[in-house]
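Here is what TrEMBL records for this protein:
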DOMAIN    45-448  domain 'Amino acid transporter transmembrane'
TRANSMEM  48-69  transmembrane segment
TRANSMEM  75-97  transmembrane segment
TRANSMEM  164-181  transmembrane segment
TRANSMEM  188-211  transmembrane segment
TRANSMEM  231-251  transmembrane segment
TRANSMEM  272-289  transmembrane segment
TRANSMEM  305-327  transmembrane segment
TRANSMEM  373-392  transmembrane segment
TRANSMEM  398-420  transmembrane segment
TRANSMEM  427-448  transmembrane segment
Amino acid sequence: MSYSQVHFSDMQSTFISNYMEMEEPVQEKEQQLNWCQRTFGPLKKGGIRMSIISLLAPCLGVGMLGLPYRAKEQGLLIELFLIALCGIISCISMHILSWSSGDLQCSSFSELIQMSLGNKMKRLFEILTICQCLLGITQIQISFQLFIYELFRYFEIVVDQRELAIIVQLIFIIPNLLISFQKTLYKLRYFSLIGVISVIYITFLTSFDYFVRGSYKDDIKIKLIDLDFNIFTTFAMTFFCYLCHLFVFPIRKELYNPTISRQSKIWIRQSFICYIVYSLICISGYLRFGDDTKFWIINNYHGDFFFIGKLGMACALFFAVPLNILACRQIIHDMLLSDEMEYQLKHKSLRIQAQDGKITFEVDSVDSFRSKIHIYSTLVLQFGSAILALILPDINRYITLIGGLLGTTIVCLIPVLIYLREYRDKLNYFIVILELMGVIFGWIGAVYGQF
C-alpha cells in the first residue's frame, strides 16, 4: 500500500463525484408506458415527470400573481412578449449548464464554475447565490404570512397583521424545519406536487372567470403597449418568475440516464408550461380588471372557490421554503466541503490511498463535517429567513434587486461566460446576444427599480 499526496485543485472534482455516488442509488429503469401512463402515473425517482414537477414548483409561485399588474404598467402585449423572452433566455441557460456540466463532468454548479471560470468566480457565485436564496426564501415567508392574513379576513376575523406574522412564524416554523431537513427532491416530490396543483387550480379559476363573466365593468381601460423606461424593471420582475436554475444539478443527480436529450425534454417542457400558465394568468387577470388590477391578482377575487385557491397558494408557499433551502444548501455544502478538504490536505489529515490502480479516500472526518453542514445550514436558512421576514415586511424593492442584479448574474451572465469559454470554436451568436441582453436589461431594471 502506498500513500499519495494530490493537490486539492487536481483531486476535488474526483472526490466530489465519488462522494456524491454514496447517496442512495437511482431506481431501475422504468418500464415502457403509454402517453397517458407516463403523464399521470406515479412520480418515480429518476423519471422525467418527477423532474418537471420539481422544477415547476419554484417557478409557479407568487411571482406569477404579479404579472397582470405588470401588464397594467407596460401594456398587455409588452408583458406577454417579456414572458416569452424571459422563458427563452431561462431555457437556453439551463441547456448551457447541461452541455457544459456534461462535457466537463461536473456534479454541481460550484464545481462547474471552478473548472471553467476559476476559483475567484466560484467564490463570487457562492456569495451571490446565498444572498439571493436567503432573500428569496424571506420573500416566500412574507408572502405566506400575507396569504394567512387574507384567509383570516375571509372569515372576518380582526387581527393585527404584525402580531399574526409573529404567531404564524412560531406555529409553522417547526414543521417546516422538519421538512427542510430532507436531502433529495424525490423525498419532497409530493410537496412540490401540491404547489403545482394549487397554481394550476388558480390558473383555471382566473381563466374560467374571465371567459365566462368577461370584464367586471363596462368601461374598463386596457393598455396594449405603453413603452417607457420602466420596461427594464418589468423585465427584472418577470425574469424573477423563472429563477429555478439552482435545481438543475439536483435534478441531474437524481435523473435516471441523464443524457442531454432527456435533460432537454425537462427544460423545454418546464419552460413551455410556465409560459402557458403565466400567459393565462396575465391575460385573464388584466382583461378582467384593467386599471383596477391589484399587485397580486388573486386579491381582486372573492368567493369560496377563490378562498380555496388562496388556501392552496398558502400551502404552496409553505412547501416552497424547504425546496429552496435544499437548492441553496447544496451551494453551501460545496463551498464549505471544499474549504474543509483543502484544510485537511494541508494538515495531512485526509489520506488518499492508491492501490491496484484505484484511488480511495479516508473521509470519516469529512463525512462528519458534511452532516454538520447539513444541520447548521438548514437551521441558519430557516431561522434566518424567518427573522428577516419579521423585520423586513416590505421586501418588494429588494425582490427587484434580486431578480435584476443577482438573478440575471447567476442565470444569464455566468452561463454565457461558461459558454464563451468552453464553446468558443462553435458559438451560436443568437444565444450570446439573448443572454447578454438578459444581463443588461436585468441590471438596468435592478438599479432603476430602487428609485
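Cβ coordinates are placed from backbone N, Cα and C, and glycine is handled just like the others.
What you see is a predicted model, and the numbers here were worked out from it, not measured in a lab.
At the 8 Å Cβ threshold, with sequence separation of at least 6, the transmembrane segment (373-392) comes into contact with the transmembrane segment (164-181) through 3 or more pairs.
Tallying C-beta pairs under 8 angstroms between the transmembrane segment (427-448) and each of 48-69, 164-181, 231-251, 272-289 places 231-251 first.
Outside the transmembrane segment (231-251), and at least 6 residues removed from its termini, the chain residues within Cβ reach (under 8 Å) are 51, 54-55, 58-59, 61, 63-64, 66-67, 70, 73-74, 78-79, 82-83, 85-87, 89-90, 93-94, 97-98, 101, 107-109, 129, 132-133, 136, 184-185, 263, 266, 270-271, 274, 278, 323, 326-328, 330-331, 399-400, 402-404, 407-408, 410-411, 438, 441-442, 444-446, 448-449.
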